[in-house]
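Note sheet for the following structure.
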Amino acid sequence: MTKQVTVIPVQKGKSYKVEVTGLGHSGEGVGRYEGFTVFVPGALPGETVVAAITEVKKNYAKGVLSKVLMPSPDRVEPLCALFHRCGGCQLQHLSYAAQLTVKRQQVVDAIMRIGKLDGVVVHPTLPAPNPWYYRNKMQFPVGLAGNRAVVGCYAQGTHDIVDTEHCYIQHQANNIIAAVMRDVVNKLGIATYDERTGKGVIRHILGRVGTATGEVMAVIVTATRELPHRERLIAKLTKAVPGLVSIVQNINPKRTNVILGEETSVIWGKETITDRLGGFVFQISARSFFQVNTEQTVRLYNKAVEYAGLTGVETAIDAYCGTGTITLFLAKRAAKVYGIEVVEPAVRDAWLNARRNGVDNVDFIVGDAVDVMPKLYKSGVRPQAIVVDPPRAGCDRRVLETFVRMQPDRIVYVSCNPASLARDLAVLAECGYMTREIQPVDMFPQTSHIECVVSLKRKHSE
Ligand SMILES: C[S@@+](CC[C@H](N)C(=O)[O-])C[C@H]1O[C@@H](n2cnc3c(N)ncnc32)[C@H](O)[C@@H]1O
């Protein structure tokens, strides 16, 4: 048998004219040169660009955009001057209407290519009413550039901090918190943490905003227990940040990329902030998981509830429930809802959230869904609807198999990753659960991320 030899038509260091046809997972342009795939960050579908090749692999190459020969009609001037350096946003150079279209297309492509599912209705992406300043949570590293303190996002694919005086997707209160931190650290000469040596004090500054209530929390993450000039920092933050009700110090002495350490202490004000979602009140602590785009979260959850098709008499399961937010939305329309979550503090928050909102038809179970689901099955739980909202990796196959054994009439799949979603929908299709419709929801405007809510129905119950 003769082995076919692929001729690679590009060379590192040389430039080529590339026709761009799509966008990759990180928002980079995906194009072709003589049929060979070239990834070009900054290039848009429909464009012809010149790319200088920086890396060549067997099946693809990567290049740097050196010139746009034919621009896309959807290309716009990014609002942020830091856009081309900062890793926070990937799509500011694409009009918002076109962002919604390409995100939907990514879902369609994954469903066809990975899931191999035909006839699935993928609705137009649900736009965010405000595609700017929507993030209720900021997590900025603090570091040094020369002898100046810098605060901002990392540059794409690196740990170099891009000093960000104004982030266009952060809530304004978060921008003020970052500005105070930069100013105080520079003026008072507080040492910033150096991740290469493990020395220094200030690692990260976090901001959390209850967008419905206006309550704000600042979290100062330090490598040491001691926080130099603590009182000055508190005075500056309380003076500058409207709505501030809480300042927390989190201590993380470990040499790790994980932002928060184990120890948290309130150094001013309250331990939590309050926010409202769909008529429910939630207390959010420094460590609690809470969706970052509050307005869109309500739309996402309402869609999940609609697809669950509850009338008030059913049993439902909210698998991977976090702090029980979707659980409470479902509980309004069900007789009983079980929430399953592996992180114990999240389950504690879930119980508190249920109690505060007077919801008593819920039960939260701590544990890995792989273990908890079969236990529920053995104990006779037979839900009419299961809502599942797993992390990016999607569901373990054993979890999906237990769903199927429980024979719910409806499964609602909430996903932040079209690829793992498509894989899991294919597994469910094999087991008789047909994907009927998918609603992409834009939770993260200006970035390449897309969230989806999917309605599945058991075949024989149609
Ligand atoms: C995408 S979040 C969804 C949280 C919640 N539905 C919300 O909207 O706030 C996924 C959740 O799954 C949890 N999780 C991850 N792996 C798990 C597992 N194996 N079993 C149960 N829960 C898990 C995570 O801790 C996280 O809270």
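Note that Cβ sites are derived from N, Cα and C of the backbone, with glycine treated the same way.
CYS416 (active site, nucleophile) carries neither a helix nor a strand DSSP state and counts as coil. Here CYS416 (active site, nucleophile) comes close to PRO391, ARG392, MET443, HIS449, ILE450, GLU451: these same-chain residues lie at least six apart in sequence, with C-beta atoms under 8 angstroms from its C-beta. The active site, nucleophile annotation in TrEMBL covers CYS416.
According to TrEMBL, the active site annotation covers CYS416.
Annotated S-adenosyl-L-methionine binding site per TrEMBL: GLN291, TYR320, GLU341, ASP389, in sequence order. Contacts of GLN291 (S-adenosyl-L-methionine binding site) defined by a Cβ separation under 8 A and a same-chain sequence distance of 6+ are given as THR297, LEU300, THR325, MET443, in order along the sequence.
As annotated by TrEMBL, domain 'TRAM' applies to 9-67.
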Residue with minimal Cβ packing [other Cβ atoms within 10 Å] among the binding-site residues GLU341, ASP389: ASP389
Residues within 8 Å of the GLN291, TYR320, GLU341, ASP389 Cβ centre (excluding the S-adenosyl-L-methionine site residues themselves): PHE289, ASP318, CYS321, GLY322, THR325, ILE326, PRO390, VAL414
Neighbourhood of TYR320 (S-adenosyl-L-methionine binding site) by C-beta distance under 8 A, where only residues 6 or more apart in the same chain count: ILE340, GLU341, ALA369, VAL388, ASP389, PRO390, PRO391
Recorded S-adenosyl-L-methionine binding residues, GLN291, TYR320, GLU341, ASP389 - maximal Cα separation rounded to whole Å: 16
Assigned conformation of ASP389 (S-adenosyl-L-methionine binding site) - DSSP reduced to three states: coil
